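**Q** First the structure, which I've put down as structure tokens, then a few questions once you've had a look.
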Amino acid sequence: MELATESIEGVLLVDKPQGRTSFSLIRSLVRLIGVKKIGHAGTLDPFATGVMVMLIGRKFTRLSDIMLFEDKEYAAVAHLGTTTDTYDCDGKIVGRSKKVPTMDEVLTCTSYFQGEIQQVPPMFSAKKVQGKKLYEYARQGLSIERRFATVTVNLRLVKYEYPRLHFVVQCSKGTYIRSIAHELGNMLGCGAYLEELRRLRSGSFSIDQCIDGNLLDEPEFNVSPYLRDANGLILQPAPVL
């Protein structure tokens, strides 16, 4: 375990493993470095992987609100023909369809997700309505009226092999990728849920800058060489040999 000193501060870019919660990674980092002042620039669902921006120390946790507003980029897979109550692979199956959309239909529907669109947050989300998170209502079997939100997206179809539709999307803050998968399913008339999600970029930070999140569970792992400033520059560059 590293000694908790004022020098342990900065931005740590982590590739979140599948199956881990975002907060379990934060807890692992707290245990590893002994610094409790740790924030983030956006969480990921347990089934998702990819860029998690961890902010260590008061100087950097103050940047959280700014970084949360930055655009993000995701690679995703929508599973057609099945719908779930959460719009993703962790939910309960609530519908099935035998319809197999054509490529022309897929191209037409995916072209809708360009520029500003109106999106309704899913019931199984942390969005608050009347001071209560939507998923708390959902777990009680309640469906609450939600307001449309305007978000900006740029979706690119990568591959379509039924039942899987692969796409990459750049989006603004507050965009729900599983809602995009759900809406695609509705537009195609077959239903869909989000099967895979990988965050490729958060603001200016990309996946190729990240360390494996499992390293945070290694007691002797030294995070210092991987700490960056707010612009992504390494704070302690490796010495030139």
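First residue shown is number 1, and so on along the chain.
The backbone N, Cα and C atoms fix where each Cβ goes, and this holds for glycine too.
Annotation source Swiss-Prot lists active site, nucleophile at ASP45, citing sequence analysis.
Describe the structural context of each listed feature in the structure shown, including burial, neighbouring residues and relevant distances.
**A** Look at ASP45 (active site, nucleophile): DSSP puts it in coil. Counting only residues at least six positions away in the same chain, the Cβ atoms of ASP88, ASP90, LEU197 sit under 8 Å from the Cβ of ASP45 (active site, nucleophile).
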